[in-house]
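All remarks here apply to the structure that follows.
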Amino acid sequence: MVKPRTQFICQNCGTAHSRWVGKCEGCGEWNTVVEEDPMGGIGSGPGKVPKKGRPVALTALSGEIEEAPRIHTGIAELDRATGGGFVRGSAVLIGGDPGIGKSTLLMQAAAALSRRGHRIIYVSGEEAVAQVRLRAQRLHAAETDVLLAAETNVEDILATVGEGKRPDLVIIDSIQTLWSDTADAAPGTVTQVRTGVQAMIRFAKQTGAAMVLVGHVTKEGQIAGPRVVEHMVDAVLYFEGDRGHHYRILRTVKNRFGPTDEIGVFEMSDKGLREVNNPSELFLGERNEKSPGAAVFAGMEGTRPVLVEVQALVAPTSLGTPRRAIVGWDSARLSMILAVLEAHCGVRLGQHDVYLNVAGGYRITEPAADLAVASALVSSLAGLALPADCVYFGEVSLSGAIRPVAHTAQRLKEAEKLGFSQAVLPAGSADLPKGTGGRWSEIDSLPDLVARIAGSKAALKREDEDV
Ligand code: TYD
Ligand code: MG
């Protein structure tokens, strides 16, 4: 038999290399490539003769469909993110930075499910029983019937959860601590993590128990990240948030049983995570309505409108190359808006530092925020505060035209609900509601916006030249 060559696998993305390299060819990360034994992996039994295949029955695409059987936690924000509860027999990966609150969320979910009469097993590989108990007490989950084990060996875990009555939900916290006797690699490597996750998924499919797997996002690449198992599980949720802020967002990035653009919003308190049913109020919490450079963006997260404040500070630079610092938005997108403002609106920002911040530590991913960003920038440069009761949304194209975006009616409805009576939006927006009390200004180009804010284009230019 030919001796198998060892492989060098990136712990970040799983790309296999034939030799060691400093920088992964797959994801471009440095120092993430580790030597692993391919014989230790899944389905790599030593030199087995392949068995003869057995034909399976082929079937038509049409036919009876059963609704996926789900278990609801009753925590509305969590149920929303999972698409209506955990699906029996499926595996869900919950990723996130260490310390963001994954264990807290899952302990609360476990307690809620247990109160509803489900059999829940929580397997902690990171914390000792006493530590988990302490957290459970703090979360008022200690009096529930959640069953707890502190174990990291895959075979032992499977033997434990497979014993007795079938569990409704098993939580594995975390996949990076799993290790199997069958895989010949160090714990935390791609091979070990994949072998462990594979075994857990197999258990879920065989027994119909729902499986929740926790994975830490890793930057250093010393241990495998959750991305290396994303393709194996049925749903992937990421728990995000800024350490400096209390709010946390559970974002769906993959879901075989539901929509992928949903979010659940939580707030971390001293008694655990609290649901936030109206995120807009949270992100607009501490507004200073009179200061220039702040624009309220009427955004969408999945099916749900979210109002958030975009703050800009434009100040003359003392450096050769002006600074561009951005928190919560895409830097390439900002460069584009700045270029369009320069090219089509005569707004010169080449001698100005630009700071852009999205309030509350929130991260905007929609291009519809272009108009709000441009408004905040122009407002800061001109030193003119925008109307306090106005929201902005629309996509800016390179020609300076404002393009319509989806969900106009929903954005405006949310704005009205929160007391905003004006909106600046793209001309030709499709589902503009008729006969509502608000004042909607439709604009079709960025120069229109600049002229609106500065009173006249000339006034803004004069001010710009003064500096
Ligand atoms: P944890 O759930 O342990 O994070 P993860 O499992 O994602 O690593 O949460 C850790 C942080 O949450 C920790 O810094 C303390 C904070 N926390 C609270 O603020 N309130 C609470 O009630 C709990 C349990 C944790
Ligand atoms: Mg944890």
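Cβ from N, Cα, C; glycine included.
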Exercise for the section: From the ranges 49-53, 69-73, 254-258, grab the one TrEMBL calls motif 'RadA KNRFG motif'. Expected result: 254-258
Practice task
Take the motif 'RadA KNRFG motif' (254-258) and count its residues per DSSP category (helix H/G/I, strand E/B, coil), listing them in that order.
Solution key: 0 helix, 2 strand, 3 coil
Fill in the blank from the handout: Of the binding-site residues listed (Gly96, Pro98, Gly99, Gly101), the greatest number of other CB atoms within 10 A surrounds the CB of Gly96
Practice task
Determine, from DSSP, whether Lys102 (ATP binding site) sits in helix, strand or coil.
Solution key: helix
Fill in the blank from the handout: Long-range Cβ list for Asp97 (ATP binding site), cut-off under 8 Å, min separation 6+ in sequence, same chain only, gives His216, Val217, Glu240
Exercise for the section: With a 10 Å radius around each C-beta, find which of these binding-site residues (Ile100, Lys102) has the fewest other C-beta atoms nearby. Expected result: Ile100
